[in-house]
Amino acid sequence: MTSFITAVDNEEPTFNLTNSRLRLVSGTSNPKLAEEIASYLGIENVPLVSKRFADGELYVQIQQSIRGCDVFLIQPTCAPVNDSLMELMIMVDACKRASARQITAVIPYFGYARADRKTSGRESITAKLTANLLEKSGVDRVLAMDLHSAQIQGYFDIPCDHIYGSPVLIDYLESLKLEEVVVVSPDVGGVARARAFAKLMSDAPLAIIDKRRSAHNIAESLTVIGEVKGKTAILIDDMIDTGGTICSGANLLKKEGAKRIFACASHAVFSPPSYERLSSKDLFEQVIVTNSIPVIDNYEFPQLKVLSVANMLGEAIWRIHEESSVSSMFR
């Protein structure tokens, strides 16, 4: 499996894009990630003006010609979610009206992904609505990373390439030379994700935390299924939001005798009170996330490790542009 652990930052471009029609455009959600992707591809992002009017309306203008180009719009729909999503759709419309040949929305973090089904009557399936809105805005293709559930890929009636942050996380974990590893799913719903992660980690054993959620953002861990005593436990999830699920799981693992505890997630949503929960010195040895969502400075703490997914996204963008396989990146 190709290593995607760090972003390339060298003088020589990785690809020959001298006469290419590939163009990168970054929204305001994660410009640093977009810069790293551009560095990997050896090109520069197309300049963009994005501003807000006094009444809160957004304005976007592409600052150079993209006529006939293969345009990739880089925009995680993270907080502020509604503004990020609306800005992305306005960017798409601007590219469409500027005669771009193809428009791909690169969405490292897909907001509203947790609203992927109805759990009670009279609820919206907002993940499907979001997919519909993106399609109607004029997107030709979507490139997403670690969707909350695989079924969201099927919400789109256009091509949707789904890639995974696990190679980046596993490259880093393997560099730590950990021993007696057990991969732990923080809830029953994440078992498939944890099983796939464990298989990639030299077929490590799997444990599951049986948990019941009494209300939104309130999590209660009950018991551990599997052996964790004396082992290095790696809690794996797609995202860390308030930190309730993963921290309650870690507390239970500690009570059950786990020797070391690492938390891993692709998306650092980090809503309050996640900082207070995750920065506890006696809970996690490390909290490992990717830069799919920018981590604001005042949320950094000693145990936090942020890994770049720029190489992986850049490679996927190049393969889409060249009409070659994306799935083979993960074989």
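Note that Cβ sites are derived from N, Cα and C of the backbone, with glycine treated the same way.
Owing to the predicted nature of the structure, the values given are computational and were not obtained by experimental measurement.
As recorded in Swiss-Prot, the features of this protein are as follows:
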ACT_SITE  Lys211  active site
BINDING   Asp55, Gly56, Glu57  ATP binding site
BINDING   His148  Mg(2+) 1 binding site
BINDING   Asp187  Mg(2+) 2 binding site
BINDING   Arg213, Asp237, Asp241, Thr242, Gly243, Gly244, Thr245  D-ribose 5-phosphate binding site
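Here the features listed in Swiss-Prot are painted onto the structure.
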residue : record                            : DSSP class
Asp55   : ATP binding site                  : coil
His148  : Mg(2+) 1 binding site             : coil
Asp187  : Mg(2+) 2 binding site             : coil
Asp237  : D-ribose 5-phosphate binding site : strand
Gly243  : D-ribose 5-phosphate binding site : coil
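Looking only at other Cβ atoms within 10 Å, the busiest spot among the binding-site residues Asp55, Asp187, Asp237, Asp241 turns out to be Asp237. By neighbour count, meaning other C-beta atoms within 10 Å, the densest spot among the binding-site residues Thr242, Thr245 is Thr245.
Checking Cα-Cα distances from Asp237 (D-ribose 5-phosphate binding site) against the binding-site residues (Asp55, Glu57, His148, Asp187) with a 10 Å cut-off leaves His148, Asp187, in sequence order.
The most densely surrounded of the binding-site residues Gly56, Gly244 is Gly244 (count of other Cβ atoms within 10 A of its Cβ). For the binding-site residues Glu57, His148, Gly243, counting C-beta atoms within 10 A of each C-beta gives the highest total at Gly243. Here is what falls inside 10 Å of the CA of Asp187 (Mg(2+) 2 binding site) among the binding-site residues Asp55, Gly56, His148, Gly243, Gly244, Thr245: Thr245. Here Gly244 (D-ribose 5-phosphate binding site) is positioned 36 angstrom away from Asp55 (ATP binding site), judged by their C-alpha atoms. The binding-site residues recorded for this entry are Gly56, Glu57, His148, and the Cα of His148 lies nearest to that of Asp241 (D-ribose 5-phosphate binding site).
Other than Asp55, Gly56, Glu57, the residues of this chain whose Cβ falls within 8 Å of the Cβ centroid of the ATP site are, in sequence order, Arg52, Phe53, Ala54, Leu58. Looking at Thr242 (D-ribose 5-phosphate binding site) and the residue listed as 'Mg(2+) 1 binding site', their Cα atoms lie 16 Å from each other.
Distance between Cα atoms for Gly56 (ATP binding site) and Thr245 (D-ribose 5-phosphate binding site): 35 Å, as a whole number.
Separating the Cα atoms of Glu57 (ATP binding site) and His148 (Mg(2+) 1 binding site) is a whole-number distance of 29 Å. When the alpha carbons of His148 (Mg(2+) 1 binding site) and Thr245 (D-ribose 5-phosphate binding site) are compared, the span between them is 15 angstrom.
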